[in-house]
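Asks: If you scroll down you'll find the structure; I have some questions about it.
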Amino acid sequence: MPVVESTTRRTGGSTPHRAPGRATRPRRRQTSGLPWLLSLPALLLLAGILGYPLVRMVELSFQNMRLRELISGRPAPWVGLDNYTKVLSDTDFWAVVWRTVAFTVVAVIFTVVVGLGIALLMRRVARGVRLFMIVAMMFVWAMPQLVAAQAFRWITDSDFGVVNYVIDKLPGVDYQNHSWFVNPWQGWSVITTLVVWAGIPFIAITLNAGLTQVPKELVEAATVDGASPWQTLRSITLPILKPLLIIVTTLSVIWDFGLFTQNWVLRDGHPEPQYQTLATYSYTQAFGQSRYSLGSAISVITVLLMLGVMAFYIRQMFKIGEVD
Amino acid sequence: MTNLTSVPGADVVPAPAAKSAGRKPSTKREVNAFTGLAHIGLVFWALVTAGPLIWVVLASFKTNTEIFLGKPFALPQSFSFQTYVDAWSEAHVGRYFFNSVFVVLLSTAGTMLLGSMAAYVLARYRFFGNRFIYYLFVSGLAFPTFMALGPLFYILKNMGLLGTYTGLILVYIAYSLPFTVFFLAAFFKTLPYEIEEAATVDGASHTRKFFQIMMPMARSGLVSITIFNIVGQWNQYLLPVVVISGPGSDQKLLLTQGIAQISVSAGYHAQWSTLFAALTLSILPMIVVYAIFQRQIQAGLTAGAVK
């Protein structure tokens with residue numbers, strides 16, 4: 001039977017009579033175990049390495065696991081909500097939460113706005129310039145976070161840093177041996193600059209790719225009708241870019257909320273209290289101080305916080321993935 | 001300013017300009033003035049972007065004294081690759097480099113194989129539990145890396161995978177799968193159904209359809225997500241720190257760990273130029289990968305994410 005059909009096809013036989021069968025047949029046959037078989041390996045891995053730790057972490061957060069239990073292998077005692085009450089009544093923890101939230105908001109806004117701006121500008125420049133831009137940005141994107149953080153640590157070094165050297169050259173400014181991390185505002189501007197700088201390429205390149213999909217005719221028609229560039233941007237470009245914007249913004253929030261490497265490295269692996277984010281805080285609690293359960297509770301609260309705030313956008317992002 | 005004529009919008013202006021001669025010229029001039037500014041702004045921005053990178057590369061050729069001399073943008077006195085040789089052999093960067101290459105190669109291959117299979121069936125097959133599995137995968141996107149580090153540590157320890165590449169590779173694959181599946185599922189959906197159906201009719205097996213028809217059609221999407229995974233996994237620092245730990249792990253460290261080690265042990269006394277050489281070496285492979293696949297990355301990003 002398949003042979004016959006294949007020959008008719010090859011000889012260019014007419015196909016209409018096949019149309020109804022075509023729609024149903026592939027679907028029918030596929031209800032076998034094949035789809036499960038193909039997605040099973042990935043699923044198992046995900047369950048084992050992301051899912052199980054997740055469950056264990058939630059479990060751990062209701063226990064009291066200390067170094068003693070870890071070494072002896074004895075089961076850790078259940079303590080109910082103790083860890084949570086301890087964390088939630090801790091003023092240090094809330095300070096860390098607000099700091100992380102504030103940083104995320106500022107960093108994401110800067111990254112997305114500047115990234116969008118650059119993507120828009122890239123559409124307007126000559127091909128050669130655009131290529132140069134993309135290459136420059138790919139360098140940055142390709143740089144491991146750790147490497148970028150190391151570079152920034154040196155650039156802002158109080159004795160030998162380039163930044164102090166350049167600022168000191170300005171007339172009447174003495175920035176020799178200025179330390180950027182004594183004042184947390186200055187320190188966080190350095191960290192934010194680093195994160196935004198490193199985050200822009202991904203967004204700009206993605207949005208630039210998306211902008212190529214904006215139909216030229218629409219923009220031209222709007223311009224002919226007398227729309228200002230701002231109106232064109234708001235009513236034509238942004239709506240078309242919206243799915244992409246939601247994806248990159250959501251991803252940026254997830255990434256920035258989990259800030260770890262940058263402040264960790266810039267503070268030499270020992271972030272002072274005013275440079276702790278939720279990620280470093282839970283890590284220090286769990287591994288630095290061997291309070292594994294407390295660290296787990298902090299992680300659980302962090303994820304709940306983020307999911308709570310982001311629920312809407314994450315839903316949007318899921319929907320975008322399901323094109324039909 | 002001759003390059004202004006090649007601006008995408010500029011070549012479409014003349015045709016309508018013939019019809020409504022009154023308004024067009026002013027619009028055009030506005031666009032051009034703006035474009036000139038845009039060029040200047042962009043070049044400036046590119047320099048700012050690439051500045052730190054240039055500085056790192058320059059510093060990697062300098063001696064310690066030169067680095068501490070206080071002339072950050074001065075060219076090194078001599079371009080010798082001695083710092084690179086030192087970093088490569090004495091600081092064991094060579095070994096760490098190949099460790100990283102080995103791990104990333106295997107884990108990216110694994111991610112792509114598992115991820116594309118899962119994404120393919122999720123995108124093209126209707127079966128019971130499809131949506132459930134899809135959401136399961138994609139919800140993995142919402143979890144920040146650091147969060148399950150503690151329990152991850154225990155599991156790997158219990159399974160005897162702590163300090164092994166097998167463990168690390170499995171962890172890398174699992175952490176990369178959500179985005180890979182999310183992106184590829186969207187990509188597979190955009191591909192035409194007719195060719196696949198023709199193959200079914202011709203009696204092609206599922207495996208054959210997948211490898212000989214779907215994979216080649218999805219090439220640009222596969223390439224760009226592969227690059228994305230290579231970069232992401234090459235850049236990992238936190239996961240290897242957790243996984244490659246314990247006794248006997250000195251030999252197995254990855255490049256990012258090696259770099260961290262150099263900078264921690266260096267203080268103000270040791271060879272800082274070694275650190276910069278190591279940093280430069282860590283960026284190089286990514287640049288090579290980008291240079292080769294630049295075009296596909298663009299194509300893949302466009303097709304996959306925008307419908």
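Any Cβ shown, glycine's included, is placed from N, Cα and C.
According to TrEMBL, the record shows the following:
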- A:1-14: compositional bias 'Polar residues' (COMPBIAS)
- A:1-28: region 'Disordered' (REGION)
- A:34-55: transmembrane segment (TRANSMEM)
- A:96-119: transmembrane segment (TRANSMEM)
- A:97-313: domain 'ABC transmembrane type-1' (DOMAIN)
- A:131-152: transmembrane segment (TRANSMEM)
- A:185-207: transmembrane segment (TRANSMEM)
- A:244-265: transmembrane segment (TRANSMEM)
- A:292-314: transmembrane segment (TRANSMEM)
Asks: Output the single range from A:34-55, A:96-119, A:185-207, A:292-314 maximising the number of Cβ pairs under 8 Å to the transmembrane segment (A:131-152).
Replies: A:185-207
Asks: Which listed stretch (A:96-119, A:185-207, A:292-314) has the most C-beta pairs under 8 A with the transmembrane segment (A:244-265)?
Replies: A:96-119
Asks: Which sequence positions outside the transmembrane segment (A:96-119), separated from its termini by at least 6 residues, show Cβ-Cβ distances below 8 Å to it?
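Replies: Sequence-remote neighbours of the transmembrane segment (A:96-119) are 133, 188, 191-192, 195-196, 199-200, 202-208, 210-211, 241, 245, 248-249, 252-253, 256-257, 259, 274, 276-278, 281, 305.
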Asks: Counting only residues 6 or more past its boundaries, what in the same chain has a CB within less than 8 Å of a CB in the transmembrane segment (A:185-207)?
Replies: 103, 106-107, 110-112, 114-116, 118-119, 122, 134, 137-138, 140-141, 143, 145, 148-149, 152, 156, 241, 244-245, 248, 252, 255-256, 259, 262-263, 266, 274-275
